[in-house]
């Protein structure tokens, strides 16, 4: 029905007849002539309809915004003075000799170029209109190119694309599962997978050697700012590998992806231990575009007459860290108050600071509510952080977790607010994670998941679990965790030790993961892998602000689809077939 | 950890050192030497461990079937007389100088080469062992190559890979939905999609122009022989197209796929109307490899003194059809009885036949329980079907549906039993389907789905719905429907007319498809598409017997996973969070 996309027209087609199909992006009537900006996936082209071609003119005259038209016409150069260098098709126009209205359109719920004026709920309700915006089409097109590049790379490297089930058994990732009642097994439920973790490990036991899948995953969590109930992973696993194999392969994959799709050459991926990342950046996913670092000053502040500092400095679970912000002395009182509130979100009880106006004047040259308590130690602190005139130095002092989180977050916020970025892309690997983290009651949970191999023996793990490191690795880009993985446990005894340390007793392990434990005893190869969050990767690469910008039909924060009105009610007959009924409260709310 | 796959070794590597990783496929001890057949994804290689290399020998001596080993050794030609031309690696062997047991293995639940001796349930329970069989690995590898070829073709043709939601609203395909209770919206449910149909149409309204997805779909049906609760479609849709565009594009896709993956050049795809297919083959997915056709003889048999024939022949809903089987006169009485029982499955009350022994002898030369009732018409019937000496002619006489189904199925069964196939691959298109089919009470339902465009005006559709044809098309290969699609309705008035004819009143249409009806009024382009059943396509291409052979982790016929034991029980707390409870019966069954 067409010969060219609108957006593909250019000067090489002058004097050729073309057939276009698309939407009326804009209509203008000028000097008795109708100008139609015709839009399709590839762009916009200007069509001119002259009253001389009476039939075409009459049909064009019916056209309103978002009507669907077929245009037959001849490409010609735009008259001098009317060309538009900002538009790929801006040097030419199409003189129509035939116009067919293929479909009419009611006035859209919002104009495409005024989408900013309507709330996101309206845009999600009329998502099919919102998706007409060129930037939305471009983002999803880039998403398609990204998955294409990833697949090409992995297939070239002998990875097989293998589908794993969506209707499966509760998985052990820790978040809440979505459940699906079974009609044929009364009272029983499938779970939607939080990841294909166990299945990909079983594929390794089967000998598939290299597996990948771009896989839908599901978590029924309370949605924080940028989560979706269903999301997509680039999931891969390989056998007979060590950390460096998986890290090397996936680093090369991401490097090639950026080159293919964005024409960007990524810098080197430094490797940083979890301990270093927390110490220097207060985060296990540091944003290395920001040239600020946390500096520990516990050893200097143990004896100062200021409990806020000396308390944590003398507590083995405490931490006192300083963050120097070059040229930060120009921050106003109001801005500092804002940052104080900001670190409060992370549990910090205050935000001490020193403005360094003129170091040559000693204490006189400093502006700070706290230097009076610090005495001569101030100079040592300022020396250690390398403070220069015009800087500000912030301090966090509390238990180590609060300090790292609060000052780590402050570091990122300052980087953004003051536009301190030194590079566009800053990737790295974080390695040597602890195996476990303890909650307030000393109960351990797996930092990654319980199938992650420790880097020590079962005996050492049992003896000192909180000190044990894992063979996990996370790829981080610009402060976002792009993906994480690990070498897995392939030894049944080690797997049982980990369950033991986690307080998962034998019956429970057998009940939940019996098939994995079985599989491990029938000849499991050493194996490991990684999973990337595709939505976040695409968001970073396309400059989207939320992952909703790179998902065709996303859900709201209350896990609903505004467009289809899902979830919805179902009939009593359906529930009966599924052997379930609503609880009284839910039934009453109907 | 390795330098080569086992299956990749060959004579070019003689005298080179290699490192292999894999499973002990077989171990033989012979003349004081240990022979290990080492298996990995790519094949099997013979490893020789000599007692001279004491450490390697001691380690190899521990090895049992399915142990996981790393072998370092040197490739050498096999000694004369011990080569194996049937094995890709059969000209060489590896003399080991280092053997490392990477993991032990318990005796597997069944030997790989004895999988036929255990029931399918055992194989599904230990699927990770079953998948080690080379033919299973090969099938899933071919599946990966098939999706690769399909993606490459569609992306070359500007189709964008776009994901649509899994957690969505009940879809209109007619089968039962899987439901997912919502935690955040008490008493409400998501449905898993039976297909991305509505979403892909909305993507066309958005202007994506060409969409594809290899999409998981879900149907909670009672599983017939070869269905799965979750299955995979190659789903595509394009705008500004007509039937020939989609058919041409997808025919070329399948043609290229067969060339890429199987090195097969498919023959032409003839187009056949639904009416012709039913008349000539008794099926809307005729297997054209079989050179047998149904021939209508109603007009000849209206006056015979045999009610079984004359009844249907004179009934406008009846049909009398003959099926000539060349050289079929050799079928025994017992075989014919079997076929009579077989057509009974499809509702046929008997199976009349004529064995043509010697046409030159007239009635004397025929062997049949029915010729005596037919009189002189017999010759006309035999002439029409072209019967020759040695043939058998079967008859079906009943209402048209029973005759077509029964004799159509008989045709396929005879083709298989007598091995009548004339070609390996026989593709075709079936077109001009009826819009609707009527049930016993004259209630109409959509033969494809209610978004399929009719090939007539809304007025004609309303006036004579049962005669209306649709713009649908099915691709059929070897008697299997590979895929089906249609040009869709893009006009809101037409869509409402179809709902009206189907007896879906306005409120119901609005409630179920309101967002689609809305979308149609905001400038929907003409569009159409097609969906292929990937599992069935892979099954045909790999020679699998069931789709379970080409799915890594399939479910049983009762929709359960033997390996993970899904579905399973969930805790009362989980149910409470989801605002549901079990019905008494289900609860009692726990």
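Placement of Cβ uses the backbone N, Cα and C atoms for every residue, glycine included.
If you look up TrEMBL, you'll see A:173, A:219, A:448, A:488 marked as L-aspartate binding site. As annotated by TrEMBL, ATP binding site applies to A:219, A:220, A:221, A:228, A:481, A:533, A:534, A:535, A:536. Look at TrEMBL and you will find A:140-554 tagged as domain 'Aminoacyl-transfer RNA synthetases class-II family profile'. Marked as region 'Aspartate' by TrEMBL: A:197-200. Summarising the annotation, TrEMBL assigns site 'Important for tRNA non-discrimination' to A:30, A:81.
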Neighbour tally for residue A:448 (L-aspartate binding site), based on other Cβ positions within 10 Å of its Cβ: 19
Mean of pLDDT values spanning the region 'Aspartate' (A:197-200): 95
Long-range Cβ neighbours of the region 'Aspartate' (A:197-200) (under 8 Å; 6 or more residues past either end): 164-165, 168, 171-173, 211, 213, 235-237, 449, 451, 513, 515-516, 529
Spatial neighbour of residue A:536 (ATP binding site) that is closest, considering only the recorded positions A:30, A:81, A:219, A:448, A:488 and their CA atoms: A:219
DSSP-derived helix, strand and coil totals, residue by residue, for the region 'Aspartate' (A:197-200): 4 helix, 0 strand, 0 coil
Surrounding CB atoms that lie within 10 Å of the CB of residue A:481 (ATP binding site), all protein chains: 16
Candidates A:30, A:448, A:488 (recorded positions) - the one closest to residue A:534 (ATP binding site) by CA: A:448
Rounded to the nearest Å - Cα separation of residue A:81 (site 'Important for tRNA non-discrimination') and residue A:221 (ATP binding site): 57
Residue A:481 (ATP binding site) and residue A:488 (L-aspartate binding site), distance between Cα atoms, whole Å: 20
Where residue A:481 (ATP binding site) sits in the secondary structure, as DSSP reduces it to three classes: strand
Euclidean distance between Cα atoms of residue A:448 (L-aspartate binding site) and residue A:481 (ATP binding site), Å: 13
Neighbour-count leader, CB within 10 A, binding-site residues: A:488, A:536: A:488
Cα distance (Å, whole number) from residue A:448 (L-aspartate binding site) to residue A:221 (ATP binding site): 18
Between residue A:30 (site 'Important for tRNA non-discrimination') and residue A:219 (L-aspartate binding site), the C-alpha gap once rounded to whole angstrom: 55
Residue, out of the recorded positions A:30, A:219, whose Cβ gathers the largest set of other Cβ atoms within 10 Å: A:219
Conformational class of residue A:221 (ATP binding site) under the three-state DSSP mapping: coil
Neighbouring C-beta atoms (10 Å sphere around the C-beta of residue A:221 (ATP binding site)): 14
